[in-house]
Each structure stands twice: as C-alpha cells, then as structure tokens.
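Worksheet for the structure shown next.
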Amino acid sequence: MQLKSDMKRVEIFTDGACKGNPGPGGWGVCLHFNGETREFFGGEPVTTNNRMELLAAIRALQELESLEDNGQQHLQVQLHTDSQYVQKGISEWIHGWKKRGWRTADKKPVKNEALWRELDDLSQRHQVEWFWVRGHNGHAGNERADRLANQGVESVLSKKAD
C-alpha cells in the first residue's frame, strides 16, 4: 500500500433521483481528477431512489478503472453523497450485514443486497472516504450531480415517449 502522499486524489459527487418511488429514476456522477472533470448519468424505467443513489456510487467507482488504465493506481477517493443510506450503509451498517449473512439487525434480508455487494467490492480497491453532504443546500458538486441525476430520469422518460 502506498502512503497517502503518494496517492492520486479523486473527488466524486454522486446523486440519485426518482419520479415516484418506485418510478423512473436516474443517477448522476461528477468526478474530479488531475484537473479534469468527468460527468455522466444514466437511469432505469422502474426503480427506487435508494437504488439510484447506490448505482451512482457504483458507476463512479467503476469509472476509476479507466483512470487505472492510464497508469493511476492506489487512488485516494473522497466520495460525497447526499444519501445517508449510502454513506452510513457502506461505512457503518455493512459490517453487521456481512456478519449476519446479509441480514439486518432484525433478521430481515438487506434490501438491494446485490448492489451493496458490488459497492463493497469496488470500494475495497482504493482508499475511499465517504462523506455525507446535505442535498439541495447550494453545494456546487452536489448540485451538479443532482442535475445529472435528473438528466438520467429525463433520458428514461424520453425513451418511453419514443
């Protein structure tokens, strides 16, 4: 493992959006690395807000593989989300879920287990710090991710109209 000072830093903002819950949803990612900004979004026709929040974080961490292809490894990632579900889930709750065989404290199956497993796997590949940011509070990175997530919703709705 490299020392923190040797690692390349990546700052990521993610967001999910849903019109109805469940309903058409979208996710958005704004990634800053080495003076470059990458923005991308997507969506699903029938989903939930929590699935979209998780998918945004997953897509963001998957994008890091393209940075690795360019020789960037051992990335120090600061991932900002306005979803306490994602932030607390990946940094606090997941440890108990795994110990209990992907069950919650009250012995119910963890919702979105496949997405949580994927997020857990991806987050192990780098040094990821998870930050919660209050949504719709004027934070530029979060506001941009929110706009991208809404573009994801619109892309799904426009496909339905075709």
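The backbone N, Cα and C atoms fix where each Cβ goes, and this holds for glycine too.
The following features are taken from Swiss-Prot:
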- Asp15, Asp146: Mg(2+) 2 binding site (BINDING)
- Asp15, Glu53, Asp82: Mg(2+) 1 binding site (BINDING)
- 6-154: domain 'RNase H type-1' (DOMAIN)
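Shown in sequence order, Thr14, Gly16, Ala17, Met52, Ala56, Thr81, Ser83, Val86, Gly135, Asn142, Ala145, Asp146, Ala149 are the same-chain residues outside Asp15, Glu53, Asp82 whose Cβ sits within 8 Å of the Cβ centre of the Mg(2+) 1 site. Listed binding-site residues: Asp15, Glu53, Asp82, Asp146; maximum Cβ neighbour count within 10 Å falls on Asp15.
The DSSP secondary structure for Asp82 (Mg(2+) 1 binding site) is coil. The DSSP secondary structure for Asp15 (Mg(2+) 2 binding site) is strand. In this structure, the CA atom of Glu53 (Mg(2+) 1 binding site) is 6 Å away from the CA atom of Asp15 (Mg(2+) 2 binding site). Cα separation, Asp146 (Mg(2+) 2 binding site) to Asp82 (Mg(2+) 1 binding site), rounded: 9 Å.
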